[in-house]
Amino acid sequence: MGKVSKVKQTKAGTSSGSQALPFNTDKGQHILKNPGIVNAIIQKSAIKSTDTVLEVGPGTGNLTVKLLEQAKKVIACEIDPRMIAELNKRVMGTHLHNKLEIRPGDVMKADEWPYFDVSVANLPYQISSPFVFRLLLQRPLPRYAVLMFQKEFADRLTAKPGDKEYSRLSVNVQLLAKVEHLMKVKRTEFRPPPQVDSAVVRIEPKNPPPNICYPEWEGMLRLAFLRKNKTLSSIFHQKQIIELLKQNYEAIAKAQNKKIPADLDMKEHIENTLNESELGGKRARHMSIEDFLKLLLAFNKNGIHFHV
Ligand SMILES: C[S@@+](CC[C@H](N)C(=O)[O-])C[C@H]1O[C@@H](n2cnc3c(N)ncnc32)[C@H](O)[C@@H]1O
């Protein structure tokens with residue numbers, strides 16, 4: 001979430017109002033204070049009574065208790081021992097207690113994530129990007145995730161070709177998942193309020209995931225988005241890029257014991273490939289996932305690779 005705040009620590013009561021707990025905004029501690037928003041997230045999460053839910057950053061437990069009411073089990077990963085103590089206090093002695101498993105520590109440093117069906121979280125904004133990609137690499141794949149992010153990040157996740165926010169992030173995530181904007185949440189709905197608004201997004205991994213070589217895909221996207229407003233032809237005309245692709249071509253040909261044609265003109269080879277794909281005149285910011293897949297296929301078919 002975009003919980004960028006000038007205030008490093010803010011004293012604020014917990015949701016239950018039981019005691020004052022200083023929130024540490026460096027850890028993204030911006031607590032949802034409006035029960036209406038918590039309920040809307042729960043409703044949109046459509047959790048089944050058989051589901052195991054992964055929540056990251058339960059904080060004082062405003063979302064957690066509602067998740068516990070719906071799910072079979074909630075696994076809550078929390079970095080701050082003070083929040084863990086608060087959450088434990090909140091569920092102790094209730095019927096929800098034995099459905100809750102708390103995993104202390106930094107969720108991103110955990111070697112393995114446990115099995116879960118669905119993830120629901122008001123994420124600390126610092127881990128937005130790594131969290132999303134790790135979620136999409138999780139096996140077995142979760143059914144979906146309903147996550148709160150900084151609004152600008154959410155806009156990039158959901159952006160479509162031609163949108164101002166359309167970026168490598170949009171393409172990489174939308175290759176692997178169906179992404180849907182669910183609702184905008186104003187900064188004033190949090191305590192302490194961050195400096196930016198937030199948004200809730202639903203991410204549904206494509207299952208099975210597309211069968212492509214990700215390092216190749218990622219390498220090609222990096223080049224295509226070097227200047228997202230320039231045509232592919234002009235990007236792939238750049239000397240350094242031609243040189244890089246020539247080196248890759250030679251390395252792969254060598255590894256595969258293939259002869260490199262004596263008259264290989266890499267610039268021309270790339271140009272011909274772009275012509276064959278009919279995408280040379282396109283700009284990354286207007287290209288769909290299908291366009292990028294078609295482009296990678298055309299390059300690879302002609303021995304042009306982005307990863308060795
Ligand atoms: C935005 S608050 C959400 C609190 C609560 N779920 C809510 O909605 O009111 C983010 C929470 O994530 C925790 N946190 C921050 N970084 C974390 C990390 N790397 N791993 C696990 N928890 C983290 C913070 O301590 C904080 O409790």
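Each residue, glycine too, has its Cβ placed from N, Cα and C.
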S-adenosyl-L-methionine binding, same site as H30, L32, G57, E78, D106 - TrEMBL member from N88, N122, N172, N207: N122
For H30 (S-adenosyl-L-methionine binding site), the number of other Cβ atoms found within 10 Å of its own Cβ: 29
For E78 (S-adenosyl-L-methionine binding site), nearby residues of its own chain (Cβ under 8 Å, 6 or more apart in sequence): G57, P58, G59, I84, L87, I102, R103, P104
The domain 'Ribosomal RNA adenine methylase transferase N-terminal' (37-207) [mean pLDDT, rounded to integer]: 98
Conformational class of G57 (S-adenosyl-L-methionine binding site) under the three-state DSSP mapping: coil
Longest CA-CA distance among H30, L32, G57, E78, D106, N122, per record bound to S-adenosyl-L-methionine, angstrom: 20
N122 (S-adenosyl-L-methionine binding site), number of other Cβ atoms within 10 Å: 28
Same-chain residues at least 6 apart in sequence whose Cβ lies under 8 Å from D106 (S-adenosyl-L-methionine binding site): I79
